[in-house]
Amino acid sequence: MEHGTLLAQPGLWTRDTSWALLYFLCYILPQTAPQVLRIGGIFETVENEPVNVEELAFKFAVTSINRNRTLMPNTTLTYDIQRINLFDSFEASRRACDQLALGVAALFGPSHSSSVSAVQSICNALEVPHIQTRWKHPSVDNKDLFYINLYPDYAAISRAILDLVLYYNWKTVTVVYEDSTGLIRLQELIKAPSRYNIKIKIRQLPSGNKDAKPLLKEMKKGKEFYVIFDCSHETAAEILKQILFMGMMTEYYHYFFTTLDLFALDLELYRYSGVNMTGFRLLNIDNPHVSSIIEKWSMERLQAPPRPETGLLDGMMTTEAALMYDAVYMVAIASHRASQLTVSSLQCHRHKPWRLGPRFMNLIKEARWDGLTGHITFNKTNGLRKDFDLDIISLKEEGTEKAAGEVSKHLYKVWKKIGIWNSNSGLNMTDSNKDKSSNITDSLANRTLIVTTILEEPYVMYRKSDKPLYGNDRFEGYCLDLLKELSNILGFIYDVKLVPDGKYGAQNDKGEWNGMVKELIDHRADLAVAPLTITYVREKVIDFSKPFMTLGISILYRKPNGTNPGVFSFLNPLSPDIWMYVLLACLGVSCVLFVIARFTPYEWYNPHPCNPDSDVVENNFTLLNSFWFGVGALMQQGSELMPKALSTRIVGGIWWFFTLIIISSYTANLAAFLTVERMESPIDSADDLAKQTKIEYGAVRDGSTMTFFKKSKISTYEKMWAFMSSRQQTALVRNSDEGIQRVLTTDYALLMESTSIEYVTQRNCNLTQIGGLIDSKGYGVGTPIGSPYRDKITIAILQLQEEGKLHMMKEKWWRGNGCPEEDNKEASALGVENIGGIFIVLAAGLVLSVFVAIGEFIYKSRKNNDIEQAFCFFYGLQCKQTHPTNSTSGTTLSTDLECGKLIREERGIRKQSSVHTV
C-alpha cells in the first residue's frame, strides 16, 4: 500500500530513485533470485527397456538436490535428457552437439564404450566436463582432460581379484569371460602365473547363445572348482541358474563374480546349497545415510510399473545407479564452489570452447564427497577415481547383523561382509577362517551328506535281521558307530553307499584313480568313512581328517601244526653250533691246562716224601687227566684233580665260570623245550618271506598296503613287490575275505593292516600274526580336496578321542571269544617222549663202557703176554751161552733158576719204570 501511495503522488519520482531501482535490478536481484544450472544426459535404450536405470538415477539425484537446498541453496538444477540406440555413436555425437548448443554445464553418459569415446572427444574439444560412470578401456595415447570416471579403475579391480586369489591360496583358477574386454580388465590376474605359483585356465562364454551348459560340463569334468566370472549381472543371473542345473552348486565350488551388482541379484535359491560365492560391493550400505537413500530409491521403484526380468531384486539400487547418483552430486558440489557460473551455448562446428570449462573441470576434480559408493576423490591428471574401498562379500545362509530398512536387512541377511580392499592399502580380511569355524556345527547342521564306504569286517558289515532292512539300517560296524557319533556332534544327516567297484582307491599307470578315492575326487560322495589309510599319494588328491585309528602292516598266516619234543629234545635248549663250540672249548681248555701244568714247576711233586733226595718227580695233569678235569667241571662233578699253581688255577677258575653260565642257561631253557609244544613256523618276519618263494604272499589289490610296497624304496620291500607284481593273478586278492580264505586253505601269507589281523585272529584260532609291524600309519575320514567339512570332522574325532569313545567302540567290535585252549599247553607232565633220549644216552654210555672195559682187558692181556714171551726167550738164550752144563740134570736146573731170577728182576724193573715217570 505504501508503495502504491508513493507512486501516486506527483513530483516524487526523481533521478535518485531511478538509479536506486537500476542498482536493485542489476546487482541485488541477481544475487537473491535463484539461478538455474542445466546439465545434460545421454542415455542408451533397448527395446524392452525404454528407460534405463541410469536415467532414473540421474533424475532421482537432481530431484533430491533440488528438494534439499543445503547443497545448492541459490541454484536450481535442471536437465536435458537425450535417448539414443545402443552402439549408435553417430547419434550420440549429434545429440551431444544439440545439448551443448542448448547450454549445459556438464554432460553425462552414454554407457557403451564406442559412444562414450565419441562424446568424450567432442567435450574435450569444447572444454565441457564429461561425466562417466561405466568402465571404459583407457586409450594409451589418450590426452583428453575434460572428463572424470567414477567407476573404479580396471587395473585396481584386477589387483583386488589377484589379492583375493592369493589370500585363498588357489593354485588353479578358471577365468570365464563374456567378451574381449574381460581379458583387458583381468590383466593383473592373467599375468599372475609368471610371478606366482598359480595355474590359470581361460574360457569364454558362448556369444549370442545363453546356453553355457556345455562349457559348465567341461569345467565339471575337468574338476575346475575355483572359477572367476567376468560378466554383467544379467549374465551372472542366467549362469547361476545353469550352474544349479548342472549340479555344480555345492560347497566344493567357489565362484567369484567381477560384477559390482552381485549383491543385487536374487540368490535366495542358492543360499542353502553350501556353495561358496564371493564378490565385490561398492555401495557403502554400512552408512545409515546411504541406507536411507537406498530405501527411498526402492520405494519409488516398487511404485513404478514392473520392469522386465533381469534377475535383480525388486527395487534394488544397482551400482551403476549409485554411481550416476554420486556423479550428479559431484557436479553439484563443484557448481556450489563456483561463483557466477555462466553456461554458454556452444557450437560443435565452430570449435569455440567454453570459457569457464577448465576452471569448472578443476573444481570437479578437486571435489570430495562421501557418497553412496564411498569416499570419492579423483586423480587430477587422468580423471580416474582413487582411494576407494571395495567391500568383499560372501553368500551365507543366515545373518545376525541388524540394519535399518527392509532392503538393507535383506542385504545383511543374504551377504556377509568378510573384508575390505582399498586401492592404497590393499586387502584387509575382517572375517578369518578361524572365526568361521568358531561354531563347528554351523555349516553341517541338518545337511545331508553322501558317505561312501566298503564292506570290511568289523568296520562295515551287513546287519543280520529276519526283516528286510533299508537305507543305513542295512549296515553295522565300527564305522557306522563312528558316523553316528559324528552326526550327533555335528548335526548332519548321512546316507551310506557302498563303493561300486569295491576298492579302496589306487592310482594306475595313467594317473587315474578308482575306489572310494575316485568317488571323492568326482564329488559323488562327501565323506569316505572306512578303513581308508592316510597315504602321501592319496593326500595329494583328497583331504583327510586326523586319524581315528593308528595301525601298521603285518603278516597274516596260519598257525603251524604243533610238534611234540623228540627223544633228543634235551639238546634243543642249545643250538648245534653251541654244542660244537662247548666241545671244542672243553678240548681246548684241556690242552691249555696240560701244557701249562707241564710248564709250571709248581705242579711237579716228589712221590716219596720220606726220601727228599729222590730225583724222581710226578705230575698229575697228564693229557687224559686234563680232559677228565674239564669234563668233570662241565658236568659240575669233582675229578679229584686239584691244580696247585696259580696259572693252572686261573685256567680252572675261568673254565668253571664258563661252565656255570652254560649250564645255567641250558637249565633255564630246558623246561620250556621239554614241557611246551613248540609251534615251528617257516616264516618269522617279512625278511623270511622275501628270502623264499615256496610260500606265496600278497595283499589286497589297489589297497594302501599294495601301494606301500609298490612305492617303497627299501630293498626287502622292493623284492617283495617284484614277487607280487610278477604273480598279480594269484598273489593279489580282490578283498580281505578272499585273502583270509586263501591263508586258511593254501600255503599263502596275506599282508594287511594289523587291526584287521587282530580282529581275524580273535575269531579264528587257526590264524596268527607273524612278526611285528612293517610300518606305521592311520585310518582317517576322507573328504574331497578343499572340503569345508574336514576341519569340523577332525575336531569331532579329537573330541571322541578325549572322551574315550573311540577306544570303547574298538573294544566293542574287536573283542572276541579268544583261543583259551592255548593256555592248556603251557604246562604238562614229562613223558618218555620228552626225556626218553636221556635214557638212551645212559644205556649207550653203559654199553660203551662195557665194550671199552673188555677192550682194555684184551689189549692189556695181549700186551703182557707178548712181553713175557719176549723176555723168556731172550734170557733163555743168555743162560745157555753163560753156563754150559756137563750133566743134564745139574745144568738144566741151574739154567732154569737163573732164568727165573732174571725174569723176576726184569718184571720188577718194568713195574718200577711204569710208576716213576720222569
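In case you wondered, yes, glycine gets a Cβ from its N, Cα and C as well.
According to Swiss-Prot, the signal peptide annotation covers 1-30, on the basis of sequence analysis. If you look up Swiss-Prot, you'll see 31-576, 675-834 marked as topological domain 'Extracellular', on the strength of sequence analysis. Marked as N-linked glycosylation site by Swiss-Prot on the basis of sequence analysis: Asn68, Asn74, Asn276, Asn379, Asn428, Asn439, Asn446, Asn561, Asn766. Marked as L-glutamate binding site by Swiss-Prot: Pro531, Thr533, Arg538, Ser704, Thr705, Glu753. Summarising the annotation, Swiss-Prot assigns phosphothreonine to Thr761 and lists sequence analysis as the type of evidence. Taken from Swiss-Prot, the feature disulfide bond covers Cys765-Cys819.
Features recorded in Swiss-Prot, as mapped to the structure shown.
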residue: Asn68; record: N-linked glycosylation site; DSSP (3 states): coil
residue: Asn276; record: N-linked glycosylation site; DSSP (3 states): strand
residue: Asn379; record: N-linked glycosylation site; DSSP (3 states): coil
residue: Pro531; record: L-glutamate binding site; DSSP (3 states): coil
residue: Ser704; record: L-glutamate binding site; DSSP (3 states): helix
residue: Glu753; record: L-glutamate binding site; DSSP (3 states): strand
residue: Thr761; record: phosphothreonine; DSSP (3 states): helix
residue: Asn766; record: N-linked glycosylation site; DSSP (3 states): coil
Relative to the Cβ of Asn428 (N-linked glycosylation site), which residues of the same chain, six or more apart in sequence, are found under 8 Å away?
Gly419, Ile420, Trp421, Asn422
Within 8 Å of the Cβ centre of Pro531, Thr533, Arg538, Ser704, Thr705, Glu753, which other residues of the chain have their Cβ, at the recorded L-glutamate site?
Tyr504, Leu532, Thr535, Gly703, Thr707, Lys777, Tyr779
Return the residues near Asn379 (N-linked glycosylation site), defined as same-chain residues 6+ apart in sequence whose C-beta is under 8 angstroms from its C-beta, sorted by sequence, else 'none'.
Lys365, Arg385, Lys386
Would you mind reading off the Cα separation of Asn766 (N-linked glycosylation site) from Asn74 (N-linked glycosylation site), to the nearest angstrom?
105
Close in space, distant in sequence - Glu753 (L-glutamate binding site), Cβ under 8 Å, 6 or more apart:
Pro531, Thr533, Leu551, Gly552, Ile553, Ser554, Thr705
Measuring Cα to Cα, how many angstrom lie between Asn276 (N-linked glycosylation site) and Arg538 (L-glutamate binding site)?
25
DSSP-derived structure type at Arg538 (L-glutamate binding site), helix or strand or else coil:
helix
Could you state the whole-number distance in Å separating the C-alpha atoms of Thr761 (phosphothreonine) and Asn68 (N-linked glycosylation site)?
89
Asn74 (N-linked glycosylation site) and Asn68 (N-linked glycosylation site), distance between Cα atoms, whole Å:
11
Out of the recorded positions Asn74, Asn446, Arg538, give me the one sitting nearest to Cys765 (disulfide bond) by CA distance.
Arg538
Long-range Cβ environment of Arg538 (L-glutamate binding site), under 8 Å and at least 6 residues apart:
Gly505, Val517, Leu532, Phe544, Ser704, Gly782
Cα-Cα separation of Asn446 (N-linked glycosylation site) and Asn74 (N-linked glycosylation site), in Å?
62
Taking the residues Pro531, Thr533, Arg538, Ser704, Thr705, Glu753, which the record names as binding L-glutamate, find the longest CA to CA distance and state it in Å to the nearest whole number.
17
Starting from the Cβ of Thr533 (L-glutamate binding site), draw a 10 Å sphere and report how many other Cβ atoms land inside it.
25
Average pLDDT across the topological domain 'Extracellular' (675-834)?
84
I'd like the number of other C-beta atoms within 10 A of the C-beta of Pro531 (L-glutamate binding site), please.
24
